[in-house]
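The annotation active site, tele-phosphohistidine intermediate is assigned in TrEMBL to 8. Under the heading active site, proton donor/acceptor, TrEMBL lists 97. The substrate binding site annotation in TrEMBL covers 7, 8, 9, 10, 11, 12, 13, 14, 62. Annotated compositional bias 'Basic and acidic residues' per TrEMBL: 101-114, in sequence order. Feature annotation from TrEMBL assigns region 'Disordered' to 101-121.
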């Protein structure tokens with residue numbers, strides 16, 4: 001099976017350069033386009049990674065709206081195929097980003113205060129709960145299948161999840177993680193909608209393994225921070241791309257399409 005760990009699309013607080021761990025920052029217009037690109041990319045890879053069986057997301061909107069875009073793309077991809085079932089998004093509070101305490105909402109570069117900031121131990125407890133209650137049972141069932149699970153969350157907590165996965169499941173070979181970084185909060189980089197893909201499979205179990213309690217599921221990180229789906233995507237200028245996305249407004253595509261049609265009509269009248 002494949003496990004895809006993805007960061008959310010660009011948020012308003014990302015653009016503003018603010019610490020936004022537990023703040024429920026909205027996606028920008030550009031972030032929505034990134035999420036749609038990500039969804040189409042993942043849905044289009046079902047032949048290689050298998051159908052998406054489960055889709056988890058943090059319960060902060062920048063994460064679950066990114067996951068919604070993946071679910072919608074899977075729904076379009078599934079069509080009338082009985083072999084493809086579009087997953088629903090399961091929002092999990094334990095997948096929220098690190099809480100920066102009194103530094104929440106303050107500018108990057110501001111000296112981060114330890115006042116109320118969440119500890120590494122607290123984050124690991126949250127991730128262990130997520131693994132125990134959600135992900136590990138699924139891995140146990142699907143490890144031998146051609147299937148995929150997607151988790152959409154945030155940069156720091158995704159690294160905590162990655163470290164926990166590598167400690168639970170025997171790595172099959174050295175993983176291509178970022179070199180020269182030993183900080184557990186920054187084991188791998190994550191751009192907006194960047195994807196890290198892990199292959200999990202059952203190892204051959206023998207009597208010695210069973211006797212010594214050796215784990216029988218291997219994991220291997222196949223790639224990190226993949227953003228191929230963003231190739232050619234340009235942010236709309238004039239502050240539009242960085243503005244907060246408003247679902248009540250027309251989509252960016254429909255806006256520019258209608259503007260283009262209107263221009264053609266006006267040009268025809270002038271001829």
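Each Cβ is built from the backbone N, Cα and C atoms, and glycine gets one as well.
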Practice task
Which residue among the recorded positions 7, 8, 62 has the fewest other Cβ atoms within 10 Å of its Cβ, if you could check?
Solution key: 7
Completion exercise
Reduced DSSP state (H/G/I helix, E/B strand, rest coil) at residue 11 (substrate binding site) is strand
Completion exercise
Given the substrate site 7, 8, 9, 10, 11, 12, 13, 14, 62, its other Cβ neighbours within 8 Å of the Cβ centroid, in chain order, are 20, 25, 27, 28, 31, 192
Handout entry: Alpha-carbon spacing, residue 97 (active site, proton donor/acceptor) to residue 11 (substrate binding site), which is rounded to whole Å
Key = 13
Handout entry: Assigned conformation of residue 97 (active site, proton donor/acceptor) - DSSP reduced to three states
Key = coil
Fill in the blank from the handout: Sequence-ordered list of residues in the chain of residue 13 (substrate binding site) that lie 6 or more positions away and have a Cβ within less than 8 Å of its Cβ, or none, is 19, 20, 23, 25, 105
Exercise for the section: Rounding to the nearest whole angstrom, report the longest C-alpha distance spanning 7, 8, 9, 10, 11, 12, 13, 14, 62, listed for substrate. Expected result: 15
Fill in the blank from the handout: Spacing of the two Cα atoms, residue 62 (substrate binding site) and residue 8 (active site, tele-phosphohistidine intermediate), in whole angstrom, works out to 6
Practice task
Quick one: give me the count of other CB atoms within 10 A of the CB of the residue listed as 'active site, proton donor/acceptor'.
Solution key: 25
